[in-house]
Structure formats: C-alpha cells, structure tokens
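A.B. asks: Dropping a structure here in structure tokens format, bear with me for questions.
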Amino acid sequence: MGGKILKRYSPMVAIDVATKEAASSLFDQLTVEPRPILKIGMELYYHFGPEVIKAAQQRGFKIFLDLKLHDIPNTVKRTMFVLGQLGVDFTTIHAAGGSEMVAAGAAGLRAGAAAAGLPAPRLLAITQLTSIDEATLHKEQHVGLSLVESVQSYARLAEDAGADGVVCSAQEVQAIRQVTRPEFLCVTPGIRPQNAAKGDQKRVVTPGQARALGSNAIVVGRPITQSADPVKAYRQIEHDFLEGED
Ligand SMILES: O=C(O)c1cc(=O)[nH]c(=O)n1[C@@H]1O[C@H](COP(=O)(O)O)[C@@H](O)[C@H]1O
C-alpha cells in the first residue's frame, strides 16, 4: 500500500478560528520544522481577507486557501482570477459544479497567477465532503452510485477539467489512483488520531492510515487547534503521517 506515492507534504493545519489573535497565536506556535502548510478557510478569510494570508506568509508558511468555489463558470473563472493573484499554494473548487465550471476555474486561477507574475496555485476539487456518509449520499443527494464510485467519478472529471488533485477521504485514495495519473494529488481531511472525537466527520482515518493508504497530504484542524498543546499534537501527527505510526 502507498508504494506509488510520488509526493508527500507536511500536514496541512486548518486554522478554523474566529479572531486575528487566535490565528496569530497558532501561527506563532506552529513556526516549527518541518513547517506545516496552513489552511485558511471561509471563517478567517471572510472576516479578514487577504490580510490574514499575508500575515501567515510573512512568517514563512505556505498557504492552502480553502474557499470551495461553486457557482456558474463565468463567476468562478473571474473569482479564481482574483485568488490566483494572492500567492497561495493551494485552493479549492467543488467538482459537483461540473467539468465546465472546474475548467473555467482552472483557467481563471492560472491567468490570475500569470498576471501577477506568480506560480499558479494547485487547484484541488472537492469530491464528496468527509462529513457525508453513504446514507446521506443516497437519501439526501439521491446519488445512485456508491460513495467510492461517486468520489472516483468526480476525480476523473476534475483531472480531465485541469485540476491538480482532489480533496477526499483517505478511504478513497486507492480507488482514485486506479483512474488518475500518478501525479494527481489526493489531499485528505477527516483525520482523527486514535480515540480523538470525530465531531461532524464521518469518513475518518488516523494519520498513519492516511499514510498507508497513499494520501499526498492530510488536513487536520481540531485535533491540533483545540489541543491543550497544539505543537505536541502537530508533531505527533506529522510523525505518524510522514514516518509511519509506531
Ligand atoms: O476542503 C477541505 O479542506 C475539507 C473537505 C472535506 O471534505 N472535509 C473537510 O473536513 N475539509 C476541511 O478540513 C478541515 C477539517 O477540520 P477538522 O475536522 O477540525 O480536522 C476543515 O477546515 C474542513 O473545512
């Protein structure tokens, strides 16, 4: 398992907090080596905009800007043009918006980065959120495919439309690898160390399982940010993912 993996990133830490002070405190604490990638999501970005990204970049962090765009292709393309100018390393779009929307988003993102003279961020397509389980997929989304088939199908769509990878659960990584090129990234949230509270996450794995299943990167929020010692929690998760669970 995991033999084919071409690249593994340091854990991506989701800074899902409400204030600049809380964000800043986590930035300070997480200034360790190997440096995590910081995920700035809707909560912080809607509050503080590009300023919060700059604050993290100034401390040397790579940024995953997770705004999960999902709209008509023209709107997504124009918005991605703006995000392409921020100097972030990863950003997200919903595969459920369709291939035309993902292709428009990819074009907008790359054009925005080129206009700013920056490298293009990696575009990751959300497949099925890790808070969705098989029952919800069938009963609420009325999808006839199994969860893994749905994720696999979105991964093919995303790759064909020009995305660099997907966001999925590590539980689906092996199925995705069967239908995508080896460089295609599988970034996996829904990470819970043994005995950690699942909260709203449904498709969870441990950091060591994510490694064994071939994730390129794990996204971890509350198990680090709500821990009494975020640095200790990060170091353990980073060790389990990059080196393997003891
Ligand atoms: O796009 C994401 O990062 C994402 C996709 C997904 O399917 N599931 C998911 O949990 N996430 C994000 O990953 C983070 C997980 O946080 P925790 O559940 O606290 O570890 C949150 O910031 C979510 O927004």
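Including glycine, each Cβ sits where the backbone N, Cα and C put it.
In TrEMBL, annotation is done automatically, which means it is predicted and not curated.
Sharing the features that TrEMBL gives for it:
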| type | residues | note |
| --- | --- | --- |
| ACT_SITE | Asp66 | active site, for OMPdecase activity |
| ACT_SITE | Lys68 | active site, for OMPdecase activity |
| ACT_SITE | Lys68 | active site, proton donor |
| ACT_SITE | Asp71 | active site, for OMPdecase activity |
| BINDING | Asp16, Lys39, 66-75, Thr130, Arg192, Gln201, 221-222 | substrate binding site |
| DOMAIN | 10-237 | domain 'Orotidine 5'-phosphate decarboxylase' |
A.B. asks: Which recorded positions, if any, among Asp16, Asp66, His70, Pro73, Gly221 have a Cβ under 6 Å from ligand 1, given in order along the chain?
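C.D. replies: What lies within reach of ligand 1, judged by Cβ under 6 Å, is Asp16, Asp66, Gly221.
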A.B. asks: May I ask for the distance between Lys68 (active site, for OMPdecase activity) and Thr130 (substrate binding site), taken between their Cα atoms and rounded to an integer number of Å?
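C.D. replies: With distance taken Cα to Cα, Thr130 (substrate binding site) is 14 Å from Lys68 (active site, for OMPdecase activity).
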A.B. asks: How big is the Cα-to-Cα gap, in Å, between Gly221 (substrate binding site) and Asp66 (active site, for OMPdecase activity)?
C.D. replies: 13
A.B. asks: Using DSSP reduced to three states, classify Pro73 (substrate binding site) as helix, strand or coil.
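C.D. replies: For Pro73 (substrate binding site) - judged by DSSP and reduced to three states - the answer is helix.
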A.B. asks: Quick one: what's DSSP say for Asp66 (active site, for OMPdecase activity), helix, strand or coil?
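C.D. replies: Where Asp66 (active site, for OMPdecase activity) sits, the three-state DSSP reduction gives strand.
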A.B. asks: Neighbour count first, Cβ atoms within 10 Å, every protein chain included; then name which of Asp16, Asp66, Asp71 tops the list of recorded positions.
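C.D. replies: In terms of Cβ crowding, the pick is Asp66.
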A.B. asks: Hey, how far is Thr130 (substrate binding site) from Asp66 (active site, for OMPdecase activity), Cα to Cα, in Å?
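C.D. replies: The Cα atom of Thr130 (substrate binding site) is 15 Å away from the Cα atom of Asp66 (active site, for OMPdecase activity).
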A.B. asks: Please report how many Å separate the Cα atom of Asp71 (active site, for OMPdecase activity) from that of Asp16 (substrate binding site), as a whole number.
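C.D. replies: That comes out at 23 Å between the alpha carbons.
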A.B. asks: Given a separation of at least six residues and a C-beta threshold under 8 Å, show me what packs close to His70 (substrate binding site) in the same chain.
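C.D. replies: Result: Val76, Ile93, His94, Ala96, Gly97, Met101.
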A.B. asks: Looking only at the domain 'Orotidine 5'-phosphate decarboxylase' (10-237), what is the model's average confidence as pLDDT?
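C.D. replies: Overall, the domain 'Orotidine 5'-phosphate decarboxylase' (10-237) comes to a mean pLDDT of 98.
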